[in-house]
Amino acid sequence: MAIPPRLLRPVALVYILERSTTHQEGLPKIPVPPLKQTCERYLAALEPLITREELAHTRTLIAEFLQSGGVGERLQKGLERRARKTENWLSDWWMQSAYLDSRMPIPVYTSPGVVLPQMHFQDRQGQMRFAAKLIAGVLDFKKMVDKWTLPVEYLGGKPLCMNQYYQVLSSCRIPGPKKDIVVNYATGKSPSTHITVVHNFQFFVLDVYSSNGMPLTVDQIYVQLEKIWNSSLQTNKEPIGILTSNHRNTWGKAYNNLIKDKTNKDSVRTIQKSIFLVCLDAPMPRVSDDLYYSKVAAQMLHGGGSRWNSGNRCNLLGEDGSCGLTYEHAPAEGPPIVFLVDHVVEYMKKTEFRRAPMVPLPLPQKLRFNITPEVKKDIEKAKQNMNIMVPDLDVQVFNFYHYGKKYLKSIKTSPDAFIQMALQLAYYRMYQTCCPTYESASLRMFKLGRTEAIRSTSTESHRFVQAMDDVSKQDTEKLALLQEAIKAHRAYTHMAIHGQTVDRHLLGLRMQAIEDLTSLPEIFMDTSYAVAMHFNLFTSQVGSKTDCVMCIGPMVPDGYGICYNPMGDHINFAVTAFNSCEETNAARLSRFLKEALLDLKSLVEQTLKPSPTGPEEQPDRT
């Protein structure tokens, strides 16, 4: 299934050991695409999604928008002025619109989770030893951050922006009544030297650096964690942390109520300034092996409810061997998190747990909270909301063991594009229609670049999924249509990572109109625009060396969140949906996806024989 090399050169994500600031200043600015080009590509993206009549109406609106001297030209010029005056015309608007303006709860709706392979400890000593190694591993990553020695990532021979890597640790999202803010405490005169450890809803400050500035050893961290555990055996404490899970407006008001008290304010500030948080979770009720990872993924996303661990969230370690993390999405996308995970996992493999002569260490400080009647009322409200949210999320994690990216490379195809076409086929078989599909692409080729959308649903993918189960079509024709769909997806991916697709440009034009205090152009009030932005499939490839999987909630109430990690010989998937929507079913879509992956392989093998080599893998994106 070879793709013509002239269309898109194979690209690989490469790490090169050099100072990560070396190329930062020389990175190009993100371009503002030509207005006519974006409008044409927008219309092409709409074709498989709307009726001919709706498309004709949108064409008329686009023609008016593009008129010489019209509103489109004026907004484009404003955007180009902004691009000349700023390092990145998009990044602040993206942070604002995608994260800080959102009023939905952070668990499920915003913060991804990462599920790591199950550890083989079954008691708290094993949990403590693992936690101590994990903390030491993150501090080892932090050493590279502090010394600016992170390896520079390259894509297609070009260096990528490393800024997000420096936002992962010591960052905090602070709620506001109408919008949030993100603060990073890694810089300044006195950067943070402590982490926060949470156990049984109780928060402790753990200084992880000794007086000479050296990080604590694994053994020292273990001893400190033991002290924390023994100081937090009570299980009847108020889950103060559950307040952060509320609707952002509600949490903003509760936050102001909480910090009226000086003790509470000091404790909250200490948590906010932590390098990171570690949560020592209680074991969850046992489930069968085939449900284990689905249960853990749900734990990473929401904690299981107020009875369980929803008051403790961040780097998560269950006493039963479950482990993973959740992270605040506003400062960074997935690649820095995956790099951190891979680094910590490798560090832990090489680090032996050795007893060493002990140096007296201070008792970790327990943070105090005064639970006023008003705060108690806010906690109860947050509990209620969380207990509604938890059973509403359907999470299905599965490992597809029939093949992985090695096989897909052997048939000379893009693993990512192939998996995306399987998703298209699975959805079409389930609903007899296609839908707007979002896949994250990295814009880190540009300074301060974040993400762009790859629209996986195309005219070509639509033709393919319609033909796949058509008995009147020959396999050779189906295979040719699959090849065309993959070719279109790779071409769109290439345009996306070079800042030449539609979604972020349309966002910029819309934000420019808002800043200019003018009425929104008709194209943004059009039904077609609402359809295009309603992503029923919200997907992300999160490639990791570690045999893990990321999980995300759906973007829309009647949609799915799908993450996948293509490993050499298998593919890890996490599929989420809301139980409150009668039309969606994560388990059913997962079954259709497995069948689609097998059917595509059968289709290919009826015509092609695998060869030992293939193109380099596509870049990790999230």
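Every residue, even glycine, has its Cβ placed from backbone N, Cα and C.
Taken from TrEMBL, the feature domain 'Choline/carnitine acyltransferase' covers 31-594. Under the heading active site, proton acceptor, TrEMBL lists H329. Taken from TrEMBL, the feature CoA binding site covers K405, K409, S410, I411, K412, T413, S414, P415, D416, S442, R490, Q541. Sequence annotations record features per position, and here TrEMBL assigns (R)-carnitine binding site to Y438, S440, T451.
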Across the domain 'Choline/carnitine acyltransferase' (31-594), average pLDDT on the 0 to 100 scale: 92
Packing count at T451 ((R)-carnitine binding site) (other Cβ atoms within 10 Å of its Cβ): 24
Cβ-based isolation winner (fewest other Cβ atoms within 10 Å) among the binding-site residues S410, S414, S440: S410
Nearest-integer angstrom distance between the alpha carbons (Cα) of S414 (CoA binding site) and Y438 ((R)-carnitine binding site): 18
K412 (CoA binding site) versus H329 (active site, proton acceptor) - Cα distance in angstrom: 34
Where the record names Y438, S440, T451 as binding (R)-carnitine, the maximum Cα to Cα distance in Å: 11
Integer Cα-Cα distance in angstrom, T451 ((R)-carnitine binding site) to S410 (CoA binding site): 29
CoA site span - longest C-alpha distance across K405, K409, S410, I411, K412, T413, S414, P415, D416, S442, R490, Q541, in Å: 26
Among H329, K412, R490, the one of these recorded positions whose Cβ has the fewest neighbouring Cβ atoms within 10 Å: K412
Listed binding-site residues (D416, Y438), ranked by Cβ neighbours within 10 Å, top entry: D416
